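Residues annotated as active site, N6-AMP-lysine intermediate in Swiss-Prot, with sequence analysis given as evidence: K126. According to Swiss-Prot, the NAD(+) binding site annotation covers D36, A37, V38, Y39, D40, S85, L86, E124, R147, E184, K308, K332, on the basis of sequence analysis. What Swiss-Prot records for C426, C429, C444, C449 is Zn(2+) binding site, and it gives sequence analysis as the kind of evidence. Swiss-Prot lists 614-690 with the feature domain 'BRCT'.
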Amino acid sequence: MNSNFNQHFERIKELRALLNKANYSYYVLDSPEIDDAVYDQLYRELIEIENIHPSLITDDSPSQRLGGVPSKGFKNVEHNIPLLSLDNAFNLNELESWYGRISKLISSENKNIKKVDDLELICELKIDGNAISLRYENGILTRAATRGDGKTGEDITTNIRTISTIPLRLLLENPPSWVEIRGEAFMPNNIFNKLNIERKNTDQPLFANPRNSCAGTLRQLDPKIVASRKLDFFAYSLYFPENWEPTDNNFKKPISQSESLEFLKNIGFKVNTTYETTKTLNEANKYYKYWEVKKDFLAYATDGIVVKIDKFDIQNLLGATNKAPRWAIAVKYPAEEKATKLRKIIFQVGRSGAVTPVAEFESIELAGTSVNRATLHNAKRLASLDLHYEDTIIVRKAGEIIPEVIRVIKEFRKVDAKLVQLPQNCPECNSKLILESNEAITKCINYGCEAKLKGLLRHWVSKGSMNIDGLGEKIINQLVNEGYVKSIADLYKLEIDSLLELERFGEKSANNLLIEINESKNKNWHKQLYGLGIPHIGEANAKSLSNNFNSIEELNAIAKESPEKISNIYGFGNEMKDSIVKWFDDSNNQTLIKELKAIGFSLKESLDSNYNSNQSNVFDGKSFVLTGTLDSLTRDEAKELIESAGGKVSSSISKKTDFLVSGEKAGSKLNKAQELGVKIINENELKLLL
């Protein structure tokens, strides 16, 4: 019996290796090594042995591609390395602008690069699919996740195993302890067309496009359905431990994106071989124009190209923003356009009083979605279109996301059609509108305009500011319409009896909302500042202001006495400076500041957000990881504290981690930190260090 088991053990290893190699040759190299009959015979033998000895079934067995029992749902998993998006360019001029910016940045940081021509670029097709992160441990696929928000995605490992072009085991001797692969899952055009024919024949709604179809397939709870739809995958990047070196002489550690693609192909992945390397922007432009014509002949959907700095050392020099790497940009192809009939124009009033015309038209399909409205932006844009009621208009989706009216077909215009004009009075409060001389924006300047107030309140309770989840748009509208709230400060004067008079409020929900509103007074200074809704001041700008000015009083004084100090802040300019000065000049805003301070807002830097301004770089060069639930800080707040003191917060533990900040219900990171000898501290110890 033992002898028989040992024979089966050795044979099953041999079968797995033969079948995995055959899959790689067939699906990735498109060069079958064995005929189908031999493959079927080997596969049948594998299944027979696994049925006899279930303990010999491994994650990298070809039998596991078919998937198991249907899942009950998808759990969220944290990306060890953030899965960032790319910044977009919508024409070659914007590509040139990006190229110029990074060239200057690189030249200033690296004196060995003296001119633009020294930059090596790589151009790749932008596959119109779904970004996927794959994690391999000791060479075996252990997890696959969707992009999600870039930090956290959904675990779809079972479904990803069904994709034949994704290896279950890397073709690499002595692989590193972990490898992360990034790539694009997609549905080939012929599979998409076949699927829609089947759905039409069975009276099911059709999928709008291959991307949506792929996304829906990956979220199927039954992996057998996923397997039947024959998704495909292109790998485009990989990450591994810095100290790892290949032991196989046939492999060289990649030092560029182009070498990385070759490496990926050699370890078992399918890569898109249409990429090209170049040293000139002109050649990148030619690549873009070539595939703009040829893309419709491809077997898969592509919506543009991606241009990257090829060398990893230059990529590292450029780094990334919170959302995207600086060393890459996606250049989108022109959007799809369609004609439709204009039905009406509505005029929306924002929190700053800006009146925005919005076109409503007969519904059309653009880039796979139904569209029936689009913003016309401002008076200048409206005038340039020469838009008349019931015009036939051309609508496109910019970047396949935002619909826009690009022109009018005047030949179809009725003789008696009326010109669309901005109203002279606010559509909400009937106050006189003004067109500010330095802007193309028509505004309502009535501080008491309810539409402005509702917009400001929505901004104040948003995630980037007070983050009051219980105050949605419908509740805000009720509070304003009933006269309970006439300013931000009035939110903090609400009583339970007033809330109970509103729709869908019981005593418990009313109490919970009042508690949440009251707790928001403790938010950090930069969140309070952002919530005030100063025009042109976004969340990142508010944070920069809070880093330079410790209180609303200091910022107020600077705005009046030395406004140039504002425009001198990195990333600021005269427009932002003027907006801040104008905001503080408004007596209504001065009244709001007094009201907020009277009800308990500090409107200044607190000890929790700046323990010692003289030690702002106390964590310089130190690496932190957060785990569990902290006592008084959210993870984002703890991260802000650490980064403001010069530290770096990572999502995964390694030997290079200096501190693990641990809270309640700490997970596996705590165990790993103990194994690696990483110093473990709690929230109070973090505050003491600060």
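Glycine is treated like the rest: Cβ placed from N, Cα and C.
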Most Cβ neighbours within 10 Å: which of the binding-site residues L86, C429, C444 is it?
C444
Under 8 Å between C-beta atoms and at least six apart in sequence, can you list the same-chain neighbours of C449 (Zn(2+) binding site), or say none if there are none?
V349, G353, C426, E428, C429, S431
According to DSSP, which kind of secondary structure is C429 (Zn(2+) binding site) found in, if we only use helix, strand and coil?
coil
For the domain 'BRCT' (614-690), mean pLDDT (0 to 100):
82
What number of additional C-beta atoms lies within 10 angstroms of the C-beta atom of C426 (Zn(2+) binding site)?
22
About how far apart, in whole Å, are the alpha carbons (Cα) of K308 (NAD(+) binding site) and K126 (active site, N6-AMP-lysine intermediate)?
12
For the Zn(2+) site given as C426, C429, C444, C449, which other residues of the same chain have their Cβ within 8 Å of the site's Cβ centre?
V349, G353, P427, E428, N430, S431, L433, N446, E450, A451, K452
Pairwise Cα distance for L86 (NAD(+) binding site)/K126 (active site, N6-AMP-lysine intermediate) [Å, integer]:
11
Taking DSSP as the reference, which of helix, strand or coil describes K308 (NAD(+) binding site)?
strand
Ranking the recorded positions K126, R147, K308 by other Cβ atoms within 10 Å, which is at the bottom?
R147
Could you break down the residues of the domain 'BRCT' (614-690) into DSSP helix, strand and coil, giving a count for each?
28 helix, 17 strand, 32 coil
DSSP three-state assignment for R147 (NAD(+) binding site):
coil
